[in-house]
Amino acid sequence: MPKRKDIQKIMVIGSGPIIIGQAAEFDYAGTQACLALKEEGYKVILVNSNPATIMTDKEIADKVYIEPLTLEFVNRIIRKERPDAILPTLGGQTGLNMAMALSKAGILDDLEIELLGTKLSAIDQAEDRDLFKQLMQELDQPIPESTIVKTVDEAVTFARDIGYPVIVRPAFTLGGTGGGICSSEEELCEITENGLKLSPVTQCLIERSIAGFKEIEYEVMRDSADNALVVCNMENFDPVGIHTGDSIVFAPTQTLSDIENQMLRDASLKIIRALKIEGGCNVQLALDPYSFKYYVIEVNPRVSRSSALASKATGYPIAKLAAKIAVGLTLDEMINPITGTTYAMFEPALDYVVAKIPRFPFDKFEHGERQLGTQMKATGEVMAIGRNLEESLLKACRSLEIGVCHNEMTSLSNISDEELVTKVIKAQDDRLFYLSEAIRRGYSIEELESLTKIDLFFLDKLLHIVEIEQELQMHVDHLESLKKAKRYGFSDQKIAEIWQKDESDIRAMRHSHSLYPVYKMVDTCAAEFDAKTPYFYSTYELENESVQSNKESILVLGSGPIRIGQGVEFDYATVHSVKAIQKAGYEAIIMNSNPETVSTDFSVSDKLYFEPLTFEDVMNVIDLEQPKGVIVQFGGQTAINLAQALSEAGVTILGTQVEDLDRAEDRDLFEKALKELGIPQPQGQTATNEEEALEAAKKIGFPVLVRPSYVLGGRAMEIVENKEDLIEYIRTAVKASPEHPILVDSYIFGKECEVDAISDGKSVLIPGIMEHIERAGVHSGDSMAVYPPQQLSKQIQETIAEYTKRLAIGLNCIGMMNVQFVIKNEQVYVIEVNPRASRTVPFLSKVTGIPMAQIATKLILGQTLKDLGYEDGLYPQSQLVHIKAPVFSFTKLAQVDSLLGPEMKSTGEVMGSDTSLEKALYKAFEANNSHLSEFGQIVFTIADDSKAEALSLARRFKAIGYQIMATQGTAAYFAEQGLSACLVGKIGDAANDIPTLVRHGHVQAIVNTVGIKRTADKDGQMIRSSAIEQGVPLFTALDTAKAMLTVLESRCFNIEAI
């Protein structure tokens, strides 16, 4: 069927900020979809609130709106643009929920707008637990016994009838939010109460638990002519009971017989046809390991995390084809872009194994609840491809960047057997490493299977890895053992450890025997047809399919998995860098390990290597491709950390040189550089042990800011008030980086701002200064940032520009650089310099219109700012006000304190832009879901050092009609100053303590600060977590509360008696 001519203008709804459960896979899907629709000649209008994505670049759609994804704003854009149709299935759960809201509000009917892709009835049938159950019964598809409840009592009655354990699944939530497995009535009450609150329709499904079954996923496509196919089937390493986003996953399925595979395939196709989905869909099934019994778990009627994985695993571009199906094209008339000859109707076949391992944030959140269940906790994921399961698993392990090069954590060799068994049974994010340790200690795989319900096939593969380790121990320097270890994915580093040698010795031994990896092509058809894609993975076999090009090439290193501190912003910079390399006439090669992102879409670069970002894997690609040089500036800390080793191996690092990167990262060299350049910084010292640190703090004076050198996202950074706290910090935190010392700095409590600059070594372009709303002490990634600055005098801005210029030239910076400043008493100090692209690059590029990563790349390749038509110095400011606001995922992470501090905690960001600061702030707060009512009750619980400042805020809240409530000490202080506040009880006073008031909906906002000492106050944490659970706006920095107040005041009319 040809594409539709009756629609011209299509609106695509994006997925908003990155949160746990909805990450960069939707940037990838949305980008693909917009480009596909433009390719077919439609006019595309995009709405998304996330500035950090490629998707919100001007060239991706005909018109791009970076506005809050709320009914109020989307409605206004629709009325302004009048699209003929809306495509909501590429914006994750956010897009689907927005489509439902637009429909319920009557907006779609009113303006005669059609929904493309999946009809509302199908979304409803798949998402509404009751309708889904009815449909499955009609289709004769088995689902676990279940009931729909709207109250906790109904849940308890049902569970008493069928027995525990049961699973709670709230309707219309994302990433299993609010759900869980309950083994007792007490757990059931707690989880159901929370789940009903989080479900927008106050509805939960309570079902018999089938934990322990195999979890299988089918990624299916269907078009309007009822053609349907399976793109990819995947099998979870972990059995049912752990969210698929938190499971290790293999593609294709590994343990199913042909009969089982056909049975589940038929079920998946039957379901997508019954739902009449046009586009992509993901079906999750549970299979009994001991019989042919299976259950349908759930259906996602949209492009999902699994479809991004399936696209990258097979090379089949699901989102692109789904967008074309939505406008009427059929699978049998679209060419598969990988082969260029076969049609999209042809099911992909794989002659390799793909492994996906999730990346968790627990290196940042040491106190977080690490046990896995039906609620997702991972921030990102890595994928690796190999010719056997062991190879793909080990490549994925070393892609994680958690300090391991193998499925082994050396620290586990010291734990007791008892702890080992507990960790094997109760799955945490690192269970794979505990399982491998158990096998090394001689536990049989049969024992482990009965404890974990993980299939023997997978455990046998872990055993095989251990057997190869033992073989290597017995045969040191043995060539055949080395070849075998390499064939099964062992890294040089691991083999060197076993043989007690240096990694370079193993590399030399390999080279002397010409033992190099070959690169195989991902071609969707198991080499049955010629493929045209330059998409490769390494393996140790005979035939190499990647041919070095005759054109000069440049290798760009990506940023690996998404984690807190290193998000999609770095992928944005990578993709832009590639565009600039191609424009300059070179071949652009990307190397990355993240399946969710745009950079690993094979159509972005001239060649894509899907490989771990380790020295060995990068060198192997360099040995084959012989690029002119490597760019490390855009891959975050991941790429920067490889620069030294690559440079020592004789690789040309383009842009800022390694010794200059070192001058910015190494404390003593940096201090020396600042002194020479005449730039002030907070007084500080380096310490390698406890005595030195105490000596430094004594000399500088408390409070001090302590942190390890060479880290990203403020990991293990703390503000310390006294000697005791400092000793405790050193004893617990220095393990963050043993070979690097810790830095002890004077802590300056002033205004923070940051600058991204682009330098060619002689001139420096400063696109803009971003002023932070929160004062120093809150990590820059967690602060709200304003551009252009609202409270910095012209003189201070000139000083900042001057210091930035001196730094860029003094550090021989070529390309990007980020500098953070703190201002106190009109004095500007430099806090830190990062000689690379930072997380603010996409935001600043969008608000200034300067394609920063592209310009930086051109400078790295030898052009000057003058050649490109840019002046030296600070770029003229924008007329609008733009706010970048952080977005957190605390609802997904139990036991993580939401108090903001020097360690980064946000997972994503949104942007608000308008003609005034107040309007821009309003949009930013709406976009990050901090909606505050015009009046109500606000609770203040304030540390002594901020009470005076909090008092003026409380007075302003009262003036606009809020009732002030406060805890004992704060209320007493307010009363002394003439402001009366309602007293709230201490934690534990059942009737009116803050958590109780919050639970009953009596509180509209909470302002809670702690002293500089930031002791882990249990009460404060309970208050904060109750606010997070109930979705009550919580301010842990007075500056954020002040910003919110500015918005409320601007929306209030003045009411005075005459």
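Placement of Cβ uses the backbone N, Cα and C atoms for every residue, glycine included.
As recorded in Swiss-Prot, the features of this protein are as follows:
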BINDING   Arg129, Arg169, Gly175, Gly176, Arg208, Ile210, Glu215, Gly241, Ile242, His243, Gln284, Glu298  ATP 1 binding site
BINDING   Gln284, Glu298  Mn(2+) 1 binding site
BINDING   Gln284, Glu298  Mg(2+) 1 binding site
BINDING   Glu298, Asn300  Mg(2+) 2 binding site
BINDING   Glu298, Asn300  Mn(2+) 2 binding site
REGION    547-929  region 'Carbamoyl phosphate synthetic domain'
DOMAIN    671-861  domain 'ATP-grasp 2'
BINDING   Arg707, Ser746, Ile748, Glu752, Gly777, Val778, His779, Ser780, Gln820, Glu832  ATP 2 binding site
BINDING   Gln820, Glu832  Mn(2+) 3 binding site
BINDING   Gln820, Glu832  Mg(2+) 3 binding site
BINDING   Glu832, Asn834  Mg(2+) 4 binding site
BINDING   Glu832, Asn834  Mn(2+) 4 binding site
REGION    930-1058  region 'Allosteric domain'
DOMAIN    930-1058  domain 'MGS-like'
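A map of Swiss-Prot features onto the structure.
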residue: Arg129; record: ATP 1 binding site; DSSP class: helix
residue: Arg208; record: ATP 1 binding site; DSSP class: strand
residue: Ile242; record: ATP 1 binding site; DSSP class: coil
residue: Gln284; record: ATP 1 binding site; DSSP class: strand
residue: Glu298; record: Mn(2+) 1 binding site; DSSP class: strand
residue: Arg707; record: ATP 2 binding site; DSSP class: strand
residue: Ile748; record: ATP 2 binding site; DSSP class: coil
residue: Gly777; record: ATP 2 binding site; DSSP class: coil
residue: Glu832; record: Mn(2+) 3 binding site; DSSP class: strand
Check: Do you know which of the binding-site residues Glu215, Glu298, Glu832 has the most other C-beta atoms within 10 angstroms of its C-beta?
Finding: Glu215
Note to self: Under 8 Å between C-beta atoms and at least six apart in sequence, can you list the same-chain neighbours of Gln284 (ATP 1 binding site), or say none if there are none?
What the structure shows: Glu215, Ile216, Glu217, Thr244, Val296, Ile297, Glu298, Val299, Asn300
Checklist line | Maximal Cα-Cα distance (Å) across residues annotated as binding ATP 2, namely Arg707, Ser746, Ile748, Glu752, Gly777, Val778, His779, Ser780, Gln820, Glu832 | finding: 18
Next item on the list: For Ile242 (ATP 1 binding site), identify the closest of the binding-site residues Ile748, His779, Gln820, judging by Cα separation.
Entry: His779
Next item on the list: Mind checking which of Arg129, Arg208, Arg707, His779 has the fewest other CB atoms within 10 A of its CB? They're the binding-site residues.
Entry: Arg208
Checklist line | Alpha-carbon spacing, Glu832 (Mn(2+) 3 binding site) to Arg707 (ATP 2 binding site), which is rounded to whole Å | finding: 12
Note to self: If you compare CA-to-CA distances from Arg129 (ATP 1 binding site) to each of the binding-site residues Gly777, His779, Asn834, which comes out shortest?
What the structure shows: His779
Note to self: For a quick check of understanding: among the binding-site residues Ile242, Asn300, Ile748, Asn834, which residue's Cβ has the most other Cβ atoms within 10 Å?
What the structure shows: Ile242
Checklist line | Assigned element (helix, strand, coil) containing Gln820 (ATP 2 binding site), judged by DSSP | finding: strand
Checklist line | Inter-residue Cα distance where the pair is Asn834 (Mg(2+) 4 binding site) and His779 (ATP 2 binding site), in Å | finding: 14
Item checked: Three-state composition of the domain 'MGS-like' (930-1058), taking helix and strand from DSSP -> 57 helix, 21 strand, 51 coil
Note to self: I'd like the Cβ neighbour count for Gly777 (ATP 2 binding site), meaning other Cβ atoms within 10 Å of its Cβ, all protein chains included.
What the structure shows: 21
Checklist line | Cβ atoms near Gln820 (ATP 2 binding site) (within 10 Å, other residues, all chains) | finding: 19
